[in-house]
Amino acid sequence: MASSEGFLTDGQREMLKIASQNAEILSSSPKSPSSLLSDHYVKAPAGGKAQTAGIAVRHVRRSHSAKYGRVKKDGAGGKGTWGKLLDTDIVSHIDRNDPNYDSGEEPYQLVGSTVTDPLDEFKKAVVSIIEEYFSNGDVELAASDLKELGSSEYYPYFIKRLVSMAMDRHDKEKEMASVLLSALYADVISPAQIRDGFFILLESADDLAVDILDAVDILALFLARAVVDDILPPAFLARAMKALPDSSKGVQVIQTAEKSYLSAPHHAELVERRWGGSTHITVEEVKKKIADLLREYVGSGDTLEACRCIRELGVSFFHHEVVKRALVLAMEIRSAEPLMLKLLKEAAEEGLVSSSQMVKGFSRLAESLDDLALDIPSAKALFQSFVPKAISEGWLDASLTKPATEDGEIQVEDEQVKKYKKESVTIIHEYFLSDDIPELIRSLEEIGAPEFNPIFLKKLITLAMDRKNREKEMASVLLSALHIEIFSTEDIVNGFVMLLETAEDTALDILDASNELALFLARAVIDDVLAPLNLEEIGSRLPPKCSGSETVRMARSLIAARHAGERLLRCWGGGTGWAVEDAKDKIMKLLEEYESGGVVSEACQCIRDLGMPFFNHEVVKKALIMAMEKKNDRMLDLLQECYSEGLITINQMTKGFTRIKDGLDDLALDIPNAKEKFSFYVEHAQSKGWLLPSFDSPTTDV
């Protein structure tokens, strides 16, 4: 490189200026070197010579202004210089339309690969499933799509998304969401996942309330509906309450569900119909539709049309009812047998009725064969012919080789048990009509089969559950009377164990079976038929995660609630479920009225009107105490008449005398001759035959 300095003449400088202007016109790039040169064209220093000779102008490192500026370190330059190579002070732009565009001038960018979260992907996928379900109402399709997604560990988040989306929509979608949850319960989504999903909803209640004004009330209704539909146990509410902060809206949701919905009379019907029930059909309605389509099929013989109607019902979880009713119809109308068996075979081959639903339908029919035989004498023989035929043709699982008995065992009952069940059903039906407990007890004593007492209890409660509140109340009252008269505590425990072992099958016919059984259990404890420890014993004899175990836990939570006694005594309308204090007060008043000059027949009628035969031992006790206090033996005449009429049984008499005997020491503080009087009453009652001879008076104890 030449060491002498170069210079620009005036002509050269003018040519450079013109060339720069022409280059700027040709280029639209603001960062074009020619453009920069036009703004900072080179000037000669004051000395008249250029500092570099023979070097291209663009490499000149000197000031383009009239003043001389020293170049800074690293070539950044001073005032008037271009700056260093990577200087960012000048705002630059790259124009890809520039003819001189070079992709190498593009700045480098770090591009990170996106890491997908499986939960996020699941949440996005279920939104489309829910939207599609809200548009077409196809429960089967929604269940199938959810299964295809896999990721079953994320199902609680599906529940949260389903409910939260429905909360912001109309009543139709809210009803559809509840129906879908009931359909998915157990078959697709486990009970534990249902509980987890609702707990996540309760935790997010504060966030939901920001967007939905009445979120607390809507979510409380979803919670109550889940309890009514038996997909959430009532005990869940108490557990969730403890796990949530006291100030959270989730706690408000639980409180609203308990107070506004679950505590109201007839709450189940109210909750189920709150959203109009536009998509929810009751079990009775489903049964009617199934019966109608089967009878229409008998007339038309169109198997394809019948299958289409079954599919349109959209209740695959209830197809066992189709199987059962088809078989019953085949028994009732002998000419329809080939058609019904053809329909069931076609439905099984198409996959319309699953193998498990087919087995369940046959099993349910097997359980009711005794009752069915009363109307169709050949029912058992016909059933025994259907089973091998279905197995040989491949549309019934070979595991069902024998009818399932009512006690849940696959075996043939002996004739003695069958006869007892038939007689007990007749006795129970008569009791529901007459409300005559002494007559029922006499009938059971005439049968003389105390070893079958648990079977009678199971029959009693099962029949009552499928009737109105009146019969349920009568069953509880009868249970108390039977416990005092002829049933041992062990009989009661065994009967409830048998009931709870088959609770899932019972729920197929009785929608609210779990809640009803829990009420019967809790009521038995309140009525002193069972002790709380008996519930522990019953629970220990059941599988840990079965429906029956959940029912026992539900009963415990009912008993543990505040004012449980009064609420449970009135759980079915309180026809006879008074509080104990009310009953005692009524007994005292009728005895005082009789003692003051009333007639025996009138007093007996008043005792009968009480409608509490299991509590008649209180009548005996109070009558004896009043006889001691008043020194009037008229009360013995009343007790004699009550026994003669069958109004007070000998067991109730004995229990009343026993209660006096147990408290005789305390009674003697107020009535000095209480022991002597009581000994006289014992001898009198035994001589008249209305007290057991084995009863020991206090004098013999001494």
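Glycine too: its Cβ is placed from the backbone N, Cα and C atoms.
According to TrEMBL, the features are:
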type	residues	note
DOMAIN	121-242	domain 'MI'
DOMAIN	285-406	domain 'MI'
DOMAIN	419-540	domain 'MI'
DOMAIN	582-701	domain 'MI'
Local confidence of the prediction over the domain 'MI' (285-406), expressed as mean pLDDT: 82
Helix, strand and coil counts within the domain 'MI' (582-701) (DSSP): 93 helix, 0 strand, 27 coil
Residue counts (helix, strand, coil, in that order) that DSSP gives for the domain 'MI' (285-406): 94 helix, 1 strand, 27 coil
